[in-house]
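What TrEMBL says about this protein:
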| type | residues | note |
| --- | --- | --- |
| BINDING | C210, C292, C293 | Zn(2+) binding site |
| COMPBIAS | 381-397 | compositional bias 'Basic and acidic residues' |
| DOMAIN | 6-307 | domain 'Hcy-binding' |
| REGION | 376-397 | region 'Disordered' |
Amino acid sequence: MAPTKKGILERLNAGEVVIGDGGFVFALEKRGYVKAGPWTPEAAAEYPDAVRQLHREFLRAGANVMQTFTFYASDDKLENRGNKVTFTGAQVNAAACDLAREVANEGDALVAGGVSQTPSYLSCKSETEVKAIFKKQLDVFTKKNVDFLIAEYFEHVEEAVWAVEVLKETGKPVAASLCIGPEGDMHGVSPGECAVRLVKAGAQIVGVNCHFDPLTCVKAVKKMKEGVEKAGLKAHYMVQPLAFHTPDCNCQGFIDLPEFPFGLEPRILTRWDMHQYAREAYNAGIRFIGGCCGFEPYHIRAVAEELAPERGFLPAASEKHGMWGAGLEMHTKPWVRARARRDYWENLKPASGRPLCASMSTPDKWGVTRGHAELMQQKEATSKDQLKQLFDRSKTH
């Protein structure tokens, strides 16, 4: 029998660095397996080879958490606004668990089952109704015996607390990450207060994911850590940010940027930016460090390489990558060989190559969140009249 792997809390309690994987919905959308808009993960059942391969690439890059591809896999999201899927939420969740476990067993990785915010909450459904949705997903995670659970991508701490309260019923370790920045959640609850509420609800690991760039997310988690410590509580901390620069975002994050979601490539972080992110996160006391939308395996490899001294090893993917551009020593052109050094890449200011493009954008500021009529969700497809109203409104912003 294979030796039992150390669990997530054992690793974090020992001070180990745990590296998460990356943003599956964005990565698989670019590869042609996920539809932008619904962002639902039926590919786990429809195209298992694609999901399996991405897991393997993140594992090879240094990730030791394989998060199930169950983002937005609740039935109310799979069927929202005319989205037609041929698999049930249970089938998608089960397939995702099997794929994550298969690849995790190929290395020293853990499987994390994840739930995320629901259209039902945004539509002002009751706590009982929303919790029932999480419970449906949890039943699959329990049956498949995932190693720990993550409540991720919550804009409102209230819903995240509900999710944590459901997840903790299993007795498995629970992590909770909000898609918020330093300003707090969409109803103005500060990061520190959000973290306190999550810890009191039963989360042993708290942090943020998505919506903002790495350094902004690290700043938000620092505020969470301050709040938890001030309250006399204890927790571990996690961060899984975007791989996009977002200095011009408001509290809604990158969704408000006019480039979202199809024009974000000029904002992508380089692998060298990821070295800085990994070091900043580590220095802030964060030990669960990963990525979300925009992260590709090479980004996670950069995180793993930066933290190799603390982890004690390099990822397998580093065999095809010279540290700080060292592989360029083998290049045929002398001016490229001259770039085989850390100070070159660390100080580079990449150009966009797009004449007359602004360096930053003006975010949309609709101010719509839970409780607004425009955010009520529906099973039917968005009608032409509804779209016209949105198009007309967007012209005034």
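For all residues, glycine too, the Cβ spot is worked out from N, Cα and C.
Model confidence over the domain 'Hcy-binding' (6-307) stands at 96, taken as the mean pLDDT rounded to a whole number. Excluding the listed site residues C210, C292, C293, the same chain places G23, F26, Y153, C179, N209, H211, Q240, P241, L242, G291, G294, F295 with Cβ atoms within 8 Å of the centre of the Zn(2+) site Cβ atoms.
The Cβ of C210 (Zn(2+) binding site) has G23, E152, Y153, C179, Q240, P241, L242, G253, C292, C293 as same-chain neighbours under 8 Å, each 6 or more residues away in sequence. One residue stands out among the binding-site residues C292, C293 for having the most other Cβ atoms within 10 Å of its Cβ: C292.
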